[in-house]
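Structure record follows, encoded as structure tokens.
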Amino acid sequence: KNDHLLNGAPIGSTDCANISGWMKEEHFLEFAKHFIRNVKCTRERPVLLLLDNHDSHLSIEALNFLKDNGVCVMSFPPHCSHKVQPLDRNVYGPFKKYVNTACDAWMRNHPGSTMTIYDSPGIVNTVLPLAVTQNNIVSGFKVSGIFPFNRLIFSESEFIPSTVTDRPSPNAPTPDQSIPSAQTPEKKAQKADLTSKLDKSGMQTFNEPGPSTLSCVISPLEILRPFPKAPPRKPKKATRKKRSTAILTDTSVKDALEEEKAASKRKLALKTNKKGNRKTKKKTKKNKENEETTDEEEWKSEASGSGDEDVDWAGVANPDNFKELERDPKKDDFVLVALVDKANARSKEKFYIAKIVTQGEIREWEVSFLRKSEKKDW
């Protein structure tokens, strides 16, 4: 809760904040509790809540809470909120106009000041009673066909723009199962006869032969040059599941949503585990490569004048603490190895403790240098 976001807000307001600006499931649960407190509905006094199919509205926890408190939640059909949502029809429009007017007045009354998000609650408190009126609310439910119920709010003319881009139905018969053409030879001949009678304007008036003379006007644009049709949709990777209108608090719908969310969580966990395994394998492979680096390469690196700052050995040993062997070194003996930085002429010999791994010919030995250890004091 951020009380400073409610400074000057309408009485009874609540607040939620999200850095992305979008509402999440936990926010919807908070607003559901706020809704119950103000509406005071129960199972004996149920209410109907209409909303869209935004992901935040599909919270199982919130839907269970609403159902337990007597709220039946029903979602709108997709892509129809501009037509069937009462707030969009008759409330938000006037509200936005009043807010713009109030913002202009605020800037005139506060010259040189910058409006911030903390000034918004006061502006909303001023304009909300002007936009959210009883008349606007009742009209919103009426024009959206919710109350009084009107199933014919979508007229045929509103579907006309989609005719030019109608796609073939997914359930349409395949070419192998296509139905016979509806054009008979007689209809084809009639079409050819009509085409021959057209003038340059694309329209012709003529008299059909027969007992009575009938004058008709033909506009054969759709016959001669049909409107272009959009091709079938190309298959693409599914992003979000397409929703439809449903009673979200219904047990079967809610169980399906719960199973869908559980599957989504399992998929996300599997993806995370795979990503973690790739990182672990990559790290293990890198560590293995580092471990397989031979001491001979380290010896060459040091002997070529690379310096001792990158060498993680036990450190410089004091040669005075060791006695000279009276025999040649052999395998598993510990010896002192003197190294000199050839790149620095002023450098002195540095002695390191090493263990003989293999013995070569003519006084050649392969050694393994001791490493630093935090648990041991060399």
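Each Cβ is built from the backbone N, Cα and C atoms, and glycine gets one as well.
Going by TrEMBL, these are the annotated features:
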COMPBIAS  163-184  compositional bias 'Polar residues'
COMPBIAS  185-195  compositional bias 'Basic and acidic residues'
COMPBIAS  231-244  compositional bias 'Basic residues'
COMPBIAS  252-263  compositional bias 'Basic and acidic residues'
COMPBIAS  264-286  compositional bias 'Basic residues'
DOMAIN    18-111  domain 'DDE-1'
REGION    163-195  region 'Disordered'
REGION    225-326  region 'Disordered'
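Within the domain 'DDE-1' (18-111), the DSSP-based counts of helix, strand and coil residues read 55 helix, 10 strand, 29 coil.
Helix, strand and coil counts from DSSP across the compositional bias 'Basic residues' (264-286) read 23 helix, 0 strand, 0 coil.
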